[in-house]
Amino acid sequence: MDYGIKIWGGYDFIIEDGKVVINEGNRPAIIDIVKDVREQGFKGPVLFRFPHILKKHVNSLFNKFNKYIKEYEYSGKFSSVFPLKVNQYPNFVKYLMEKTKGKNYGLEAGSKPELIIAMSYVNEKCSIVVNGFKDKEMISLGFISAKMGQNITLTIEGLNELETIVEVAKEMGPPYPNIGLRIKLHSSGIGIWAKSGGINSKFGLTSVELIEALRILKEEGLIDYLTMIHFHIGSQISEISPVKKALREAGNIYAELYKMGAKNLKKIDIGGGLAVEYSQHKTLHSINYTLDEYASDVVFLLKMIANNKGVPEPDIFIEAGRYVAASHAVLVVPVLELFSQEYNEQKLCLKEHNPPLIEELYELYNTINEKNAVEFLHDSLDHMESLLTLFDLGYIDLIDRNNTEVLVHLIIRKSIELLKNKNLSELKDIQNMIQERYLLNFSIFQSLPDYWGLGQQFPVMPLDKLDISPTRSASLWDITCDSDGEIAFDADRPLFLHDVDLKKEDYFLGFFLVGAYQETLGMEHNLFTHPTEFVITFDEEGNYKIDDIIEAQNILDVLDDLDYDVKEIERRLKQNIEDSDLIPDDEKKDVIGNLYLVLSENCYLKTIAGSKN
Ligand code: PLP
């Protein structure tokens, strides 16, 4: 059972000796890093960032595009920006910039705070692209960036923005930022994030508006600043055909605008959308193309159009976000509980005289073997149905009901154990029918919001025990008080996990490919915050080191963010303890001390009876 790691892992992660290891340096096992940080006192979910993976992905973008630029003797150049909306966290942005120094790799911003991040952290001479709706203040920031000597392009989403640029240009004078035009294509993307393209999309200029924009730019003497056209047809474009269609449309628009007098127009920004393979199952691939095919198609199509129309081959500019960021982050969550584990032999309270069906269940439990396992399992489930009906009708008592539940669970576990080495379709049926519920110390709303909102799947697997067959079909529950906080077992993409005794050993699951969008979209439902994060880098000997830590917020900080007066909260709690007649005076100091200890912790579960997590 490799949990499809060869499908989604891109050789960033591999399995060695039954553990998931990072395919870098001395190939440390993620579980060993988890143990390391837990020994340092960090409990609850943790997020690991691996900057070397960012570097690898940016390098492969440049390598593939440059390969086809060379192969097709294309005269334009390739460069790229990272769209900050995909991940604006400081330990992401700083390491991304550090790892891509020396390449023309910049940042894309879609709001004023993102633009400030870009202006502060972009590598020298690398591009800043500003997309999204802009007011005069945001446009002025663009002019300030140009005056700092930065290579900035303001992409116009509507004609009113162009009018504001003209106004600010008059007020602030040169140097001016470059200007880009976002075009509204007829072509649209595909899949759940496809709304960014198409004639009804929220963004971009129609043909009529493009011609008007050209007229304004000429009239105002700004035509030489028009350097780029931009389109974006949506995220996670799973098929190549919509990309090709959009390229043909955009390529021709570029050529037409050039011929109409935009002589400095030399770049096509093809937006984001390069997809990531999230599937853990061979039959459910989410992408039908490779980066090679994508790069080859882009270069080839743009060359063809430029040559046919007799215009220069444009520089190619890409804003891939998900492709660059998704795999750099792994979320590790401790399993807190397996719900059926409360059912063990000690919980049986058999009486001297039990109802006959319970006696039969007991007999089934004691005589079940490999040959009769399936039959006995079916019998026990039938008996359970009947016994629960008898309870509802008042014929058996709570002790009998307890014995029913315990015996049936013991039979299920025993039969799965007996059948585990047989590849019986019956076993599969049983597993589909009877799932184990794993309680995980994390919040789906905070850490996998796209699963909650859109049903987006993320690869998930245990970090060790990969040399042991997992036997339990698993439903995953988070710790929010919300029934949406569940990843239910799905027979079409089944997840099997191990039957572990958490009193004796820890068990951790890794959620992979969570580095794009999840952190920025995550919400503090129930006030569960961003988990503690660690940046993992490698030294020259190939040993891993923890380079940076940002701890999850403590409880008072979370309340402070909601604009509570935390001093008042502290005052009130202290006063309540001091005024209480129920706490002896000599214990009050200790109670206050304990309270402060909890207030200084993060919101995730820390100590659970019966579990090491
Ligand atoms: N560029 C723009 C304008 C976007 O809106 C987006 C996100 O949808 C991106 C780039 C990044 O897309 P992706 O993460 O799919 O590469």
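Using N, Cα and C of the backbone, Cβ positions are placed for all residues, glycine too.
Quick look at what TrEMBL lists:
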type     : residues : note
ACT_SITE : CYS481   : active site, proton donor
DOMAIN   : 62-326   : domain 'Orn/DAP/Arg decarboxylase 2 N-terminal'
DOMAIN   : 352-423  : domain 'Arginine decarboxylase helical bundle'
DOMAIN   : 556-605  : domain 'Arginine decarboxylase C-terminal helical'
MOD_RES  : LYS85    : N6-(pyridoxal phosphate)lysine
Local confidence of the domain 'Arginine decarboxylase C-terminal helical' (556-605) - pLDDT mean:
95
Where the residue listed as 'active site, proton donor' and the residue listed as 'N6-(pyridoxal phosphate)lysine' are concerned, what is their Cα separation in Å, rounded?
29
Set of same-chain residues at least 6 away whose C-beta sits under 8 angstroms from the residue listed as 'N6-(pyridoxal phosphate)lysine':
GLY110, GLU114, GLY321, TYR517, THR520
May I ask you to report the DSSP-based helix, strand or coil state of LYS85 (N6-(pyridoxal phosphate)lysine)?
helix
